[in-house]
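Colleague: Sharing a structure below in structure tokens format, with a few things to ask.
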Amino acid sequence: MTALRLIVGLGNPGPEHAQTRHNAGFRFVDALIERSGARWALDSKLFGETAKVEVAGQPVWLLKPATFMNLSGKSITAALRFWKIEPEHLLVAHDELDLAPGTARLKFDGGHGGQNGLRDTIRLLGHGKFHRLRVGIGHPGHKDRVVPWVLGRAGREDDAAIGAAVDAAIDVLPLAMEGNFNEAMKRLHTEKK
């Protein structure tokens with residue numbers, strides 16, 4: 001299996017978006033930064049904030065696109081080119097409407113599932129052959145309420161559940177860093193009792 005070299009968190013920049021459901025990907029990479037003690041640095045040529053951290057003794061780049069969600073692919077493809085990283089070494093963390101808060105799932109390849117940051121990334125790469133971390137934010141129940149839902153803040157209970165899902169994903173990240181995605185998926189996808 002392929003080890004990770006770049007982890008991207010998807011979200012929208014700016015304080016008005018900081019705590020929204022749509023920024024679950026930012027929340028994941030911010031938690032990695034917090035645990036590592038590293039700091040974000042703005043990199044205009046990569047259209048985002050970057051940091052280099054170690055996970056399980058291995059170096060990995062982190063990226064938070066400073067573009068809005070719909071243009072995330074611009075930042076991601078610039079980083080892949082600049083650091084000469086193939087997409088199969090990429091993990092993109094993003095919010096997932098189709099998973100309940102408190103749920104996180106790893107997957108490789110596939111479509112965008114309506115997630116605009118993934119849509120733009122797949123469009124610019126020409127394929128979806130990269131790893132994803134899907135962080136559940138739940139669904140509002142009707143498609144007409146999706147936009148205000150993702151751009152809104154989660155209630156206390158859902159917010160705590162999203163935080164727990166982020167923590168669970170970080171706990172299995174060392175396995176993914178080593179390229180052992182099957183074991184990472186097995187552990188992350190197994191319900192805790």
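Here the Cβ of each residue, glycine as well, is placed from N, Cα and C on the backbone.
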Colleague: Determine which of HIS17, HIS189 appears in Swiss-Prot for the same tRNA site as PHE68, ASN70, ASN116.
Modeller: HIS17
Colleague: Roughly how many Å lie between the Cα atoms of ASP95 (site 'Stabilizes the basic form of H active site to accept a proton') and ASN12 (site 'Discriminates between blocked and unblocked aminoacyl-tRNA'), rounded to a whole value?
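Modeller: Checking the Cα atoms of ASP95 (site 'Stabilizes the basic form of H active site to accept a proton') and ASN12 (site 'Discriminates between blocked and unblocked aminoacyl-tRNA') gives a distance of 11 Å.
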Colleague: Under 8 Å Cβ-Cβ from ASN116 (tRNA binding site), six or more apart in the same chain: what's there?
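Modeller: Set apart from ASN116 (tRNA binding site) by at least 6 residues yet with Cβ under 8 Å, we have MET69, ASN70, SER72.
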Colleague: Just to verify a number: CA distance, PHE68 (tRNA binding site) to HIS22 (active site, proton acceptor), in angstrom, no decimals.
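Modeller: That separation, Cα to Cα, works out to 11 Å.
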Colleague: Within 8 Å of the Cβ centre of HIS17, PHE68, ASN70, ASN116, which other residues of the chain have their Cβ, at the recorded tRNA site?
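Modeller: Output for this site, in sequence order: ASN12, HIS22, THR67, MET69, LEU71, SER72, GLY117.
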Colleague: For the tRNA site made of HIS17, PHE68, ASN70, ASN116, how many Å separate the two farthest Cα atoms?
Modeller: 16
